[in-house]
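Here is what Swiss-Prot says about this protein:
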TOPO_DOM  1-28  topological domain 'Extracellular'
TRANSMEM  29-52  transmembrane segment
TOPO_DOM  53-65  topological domain 'Cytoplasmic'
TRANSMEM  66-86  transmembrane segment
TOPO_DOM  87-103  topological domain 'Extracellular'
DISULFID  102-182  disulfide bond
TRANSMEM  104-125  transmembrane segment
TOPO_DOM  126-145  topological domain 'Cytoplasmic'
TRANSMEM  146-168  transmembrane segment
TOPO_DOM  169-190  topological domain 'Extracellular'
TRANSMEM  191-213  transmembrane segment
TOPO_DOM  214-442  topological domain 'Cytoplasmic'
REGION    259-295  region 'Disordered'
REGION    327-346  region 'Disordered'
TRANSMEM  443-463  transmembrane segment
TOPO_DOM  464-477  topological domain 'Extracellular'
TRANSMEM  478-497  transmembrane segment
TOPO_DOM  498-531  topological domain 'Cytoplasmic'
MOD_RES   500  phosphothreonine
MOD_RES   504  phosphothreonine
């Protein structure tokens, strides 16, 4: 494969490679066979676990893992065929399976290896576009599209290598390698070898490295932006807890509380004033009564409410403590100065959240008309006191309003947008960023393993182009085998970087996956029977 030649002699018509027999002692052969067999077994088991995990665990059926599944298929082919055939070729020192088997093996080996590179390239572009174009690209990022990209990766790899490997001898008219050697015929020219190394390894690795650097920078930038967003949310939360500073105090007129009969007469007079607007005298008298009614019941609120975007939790709103002079009598002819405290709730109409507009106690008729309109509840604590207040000419007394803090649960119908929306959006961004970072970590591990395992062999390819005898045969074997080891490392990278893969591997290796599925089924059946 690497182009090395062996000294042969013929014994009874059968070629014997003395150099191959002398190169490796018995224990060396046993050691090489055991080590390579173990690595091959690990590669097969690891990549089969990836496939089974993808099959049995629905959480792993994501678009990104479809690419990992394709990579596992390529690695499985290498673990089953390439590793074992190449080990046999090394230990025997020559190819004994014939030229057709050699060409088929080389075609399968190079197509699978190039498919691994193409899959890594697709994964890198997928991660890059997911990070840099989250809105436009993710809408198109479907399993069907992933399947098309995977199919193209394998198709391109097949077109690049299979026809040239299988048909080269027919194009040039003869086989250009000896029958006991197994290597690609058209790579006997140093310039072609150099060009294929550049195209198959160095260019893809350079592109993947550039993409990963951009992915890393963009991920760090989004992490910083998320930290700034969380900081602004903390500032808003702190401002929300601060008490309102802007308070406007006004006063209102308080009249002696009338008896039940007097209130009924006032209401009748107020109602009659609306019906008799054409009579001048009656209208004047009714208007005076209505004015007394409205003046006595006029009240002004304070504008000490937090802004709408800060209404994430029930806030502490001002409650007005009103001083009210009561002249209610216990019996005819006898006044009572008894102090009484009463708490009432007044529903006042709100428009455009203008809390500075004066509100009114409404008559029953007006309240009925406003029943279907949006209102906000205010609580008033009426404290009856016997001290003197300023009395007006119509018997009403001017009373001050003193604000005090009292927790009030706002009516949900009066709230603006969902108060937890900002927090939910931040949490969603954080979850997306965590997933992106995990995917980037998986990509970085796979890319690093690929570069470490493939670089030595491709460096030797470049060196051999200019100096054919500078690379020892042992280094050729070791470098080529190291490329195969990449297929063993990839499943380990999945398990180390993805917790779901790791847990699924563990359950499958311990033969507990079926038990887990049964337990989950029994759990859901038990929950479905609950009332």
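A Cβ is built for glycine as well, from the same backbone N, Cα and C atoms used for every other residue.
Here the features listed in Swiss-Prot are painted onto the structure.
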residue: 102; record: disulfide bond; Cβ within 10 Å: 25
residue: 182; record: disulfide bond; Cβ within 10 Å: 22
residue: 500; record: phosphothreonine; Cβ within 10 Å: 16
residue: 504; record: phosphothreonine; Cβ within 10 Å: 24
Establish whether the number of Cβ pairs under 8 Å between the transmembrane segment (443-463) and the transmembrane segment (29-52) reaches at least three, counting only pairs separated by 6 or more residues.
no
Distance, residue 182 (disulfide bond) to residue 500 (phosphothreonine) (CA atoms, angstrom):
42
